[in-house]
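Before any comments, here is the structure.
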Ligand code: AMP
Ligand code: ZN
C-alpha cells in the first residue's frame, strides 16, 4: 500500500472509533488497540510531514499553546433566550407568535438546556476550521486549538454535509469527570473547583491545549447556521447534525401543543438528575425554519425560541450546628449539620459553608431554618435563611479563632478566603492526612495499609509522621483492632517494599503544598536528587519550566523546616529513593543547561513532544514563544514566517531538526 493511503486509512479508522466511543458511547475497540494504532499513525505522520492534515486524529492530544486568544466576529450573532417559568408563560408566548403567523399550525421542538459554555464552530468542506466562544454575542475568542482536543467534536465530517456552515452547542464537563478532577486537586492540596460550568468555560481559555486534552470535556450540539444547508426544520437539523458525526443528545421531542411541551418539561424536571451532565431547563423552539424566519428576533433574543427554566430544587430544613473540618494542608472548612431532608433524590445531612465570608454574607446561624439547593455543585449549598423562623434568642455566628482539633490560633492571609491552622506538625488531622497522602496509590502505594489503620496507629502513639512507618514491627501492630497475624505481616512487608518507589513519586508523597504528580516529576528531572532540590533557591526553582512563584516558595519553605529535614534524613537511612535511577540518569545530560529553546513546525524524525522531552532531559527549558531570552529556535517544516522574522529580529539562532539532534548527541 502507498504510504499516503496507509495514513489515510488509519486516520479514517481512528475517526470511526473515536465517533463510536465519544459520540455514540459504544466502544468498538479496546483502549490498547486504539493506542497502538494511534502510535502507528503518529510515527508515519512524523516521517511524512508532507502528508500533514489539520484534522488528523493524532492532533487530539493537543500540544499547541495559545498566548493570546484572538477576538473573532461571529458570522451570525449568538443571541440570548427569553425565560419562562410556567405553562401560562408558554401559552402567552404561543399567542404572541400566532398574531404574527396567523392561523398556521406550529410545532415545537423541546431540547434540554445544557449548562456549560456556548461555542460556535465553523466547518468548511467537512473540516473544522474555527471554534469561537460566545463572548458578548457579537464577537468571541478564537479557541480552535483547545476545542480540537475535545474528542466528541469531529475534526472531519461524514455524509452529505454542506460546504460551509456554523454549528452551535454547549461545551460541558460531565459530573463524573468534574468530581475526578476535584479529587485530584484536593490530593494536591489545591482548592476544588466550584462547579462544572465555570470549569468548562475556564478550560477553553487554558493556554496549553494538552492540558485541555486531559480534561474530560464533552460537546453537545443543537443548531446549524448557514446558507443553502438544505435544512427546513429544527428537528431535521438535529437529525442531520447526528448523521454528519456530531454529538446531539437523543433527549428531544417534537410536540404539537404547549401541553405536550409541559409534559416534556415535567418528565425531565426530575429525569435530568440521572443525566451525566448539568441541565438547567428546556429550550422550546418553533420547528419550521420558515416560521422562524417570519418571527425573527427582538434586540436580545429570537421570538421563535423560549427557555423554560427548571426551578433549582430547594428545600428548607433546620441547621443544628456548624462544625469545622481541618484538611491535610490545615485549611478550615465550615460545615452545616442539618436535620436530614430529601433533596433531588438524595438525603442531605450536611452542606459546605465554604468560608467565613459565606457565613457572614447570608448571616447564617445555628438554630436557623435554612434553604438548601442543589445547583451545579455536587455538594448541596445553603442559599439563604428563612428569617421568619429565626428564634428570638438567636446569636450571630462567631467564626472560630482557634483550631477545633489542636487549639492553635488560626491565621488568614490577605487575599485568601480560608482560615488555616498552621500547627502543621502538631495538629492531628494534618498529621494523619499527610501520612494518608504518603501511602496513597499514586504516591508510595503501600499495600496492606489503609487510611483507617493510619488513624489507629496514630491514636496508639505508634506513628507521628511518615518516617515512623518504617520502624513499625509486627509485634507493635498486632494488638490493633481488627489486626491478625497475616494482616500485620502484610502491613510491615508493604512498608518495606515501598523503598523501591522511584524518586519522583517519593517527592510527590512528601506532600509539599502545590507539588502534585506532574510538578514532582518536573522537579525530579530538573534536580536529579533531593540534596540538590533542598539546596535550590526560589530563583533557581522558577527557572525550571512551568514552575511558578507559588510552587517555588512552597518548596523552599518545606525544605527550610527542621522537622521536614529531620524526617527526610531518617527516610534516607531507611533506603527510600532520593535520586533518579541509573537508567533515568543515563538519558540525562547538562548539554542544554540554562538554555531556553523554542520548537516550531513539523518534524521529520521525531515528534514535537519527543523533541521537547529531549530538550528537558538535556537540562534545557522549552519556551512557548520567541523572546530575547530564547537561545535557539528549532525550526521544522511549515513553521510560520512571522516566527522566523521575529527570531531574526531578536538574533535568536535558528537551527534545523538535524542540527539540533547533532547538538545533543
Ligand atoms: P441564556 O444565556 O440564559 O440567555 O441562554 C441562552 C444560552 O443557552 C445559549 O447561548 C446557549 O448557550 C444555551 N443553550 C443550552 N442548551 C441549548 C439548546 N438546546 N438550544 C439553544 N440554546 C441552548
Ligand atoms: Zn490544628
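Cβ coordinates come from backbone N, Cα and C, glycine included.
Nobody curates TrEMBL annotations by hand; they come from automatic prediction.
Quick caveat, the model's predicted, so the values are computed rather than measured.
Feature annotations, reproduced from TrEMBL:
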ACT_SITE  113  active site, N6-AMP-lysine intermediate
BINDING   31, 32, 33, 34, 35, 80, 81, 111, 134, 170, 285, 309  NAD(+) binding site
BINDING   403, 406, 421, 427  Zn(2+) binding site
DOMAIN    587-665  domain 'BRCT'
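Taking the Cα of residue 35 (NAD(+) binding site) as the reference point, the closest of the recorded positions 113, 403, 406, 421, 427 is 113. What surrounds the Zn(2+) site, by Cβ distance within 8 Å of the Cβ centroid and not counting 403, 406, 421, 427, is the set 326, 330, 404, 405, 407, 408, 423, 426, 428, 429, 430 from the same chain. Most Cβ neighbours within 10 Å among the recorded positions 113, 285: this distinction goes to 285. According to its DSSP assignment, residue 134 (NAD(+) binding site) is coil. Counting Cβ atoms from all protein chains shown, residue 421 (Zn(2+) binding site) has 27 others lying within 10 Å of its own Cβ.
Mapped onto three states, the DSSP output places residue 35 (NAD(+) binding site) in helix. In this structure the C-alpha atoms belonging to residue 427 (Zn(2+) binding site) and residue 285 (NAD(+) binding site) are separated by 58 Å. Ligand 1 lies under 6 Å from the Cβ of 81, out of the binding-site residues 31, 81, 285. A Cβ distance below 6 Å to any atom of ligand 2 is met, among the binding-site residues 31, 33, 81, 134, 285, 403, by 403.
Here the CA atom of residue 81 (NAD(+) binding site) lies 53 Å from the CA atom of residue 406 (Zn(2+) binding site). Sequence-distant contacts of residue 81 (NAD(+) binding site), defined by Cβ-Cβ distance under 8 angstroms and a gap of at least six in the same chain, are 113, 283, 301, 302, 305, 306, 307.
For residue 403 (Zn(2+) binding site), the nearest neighbour among the binding-site residues 31, 134, 285, judged by Cα separation, is 134.
Counting every protein chain shown, the Cβ of residue 31 (NAD(+) binding site) has 9 other Cβ atoms within 10 Å. Least packed by the Cβ count within 10 Å, out of the binding-site residues 403, 406, 427, is 406. Nearest Cα neighbour of residue 421 (Zn(2+) binding site) among the listed binding-site residues (31, 33, 134, 285): 134.
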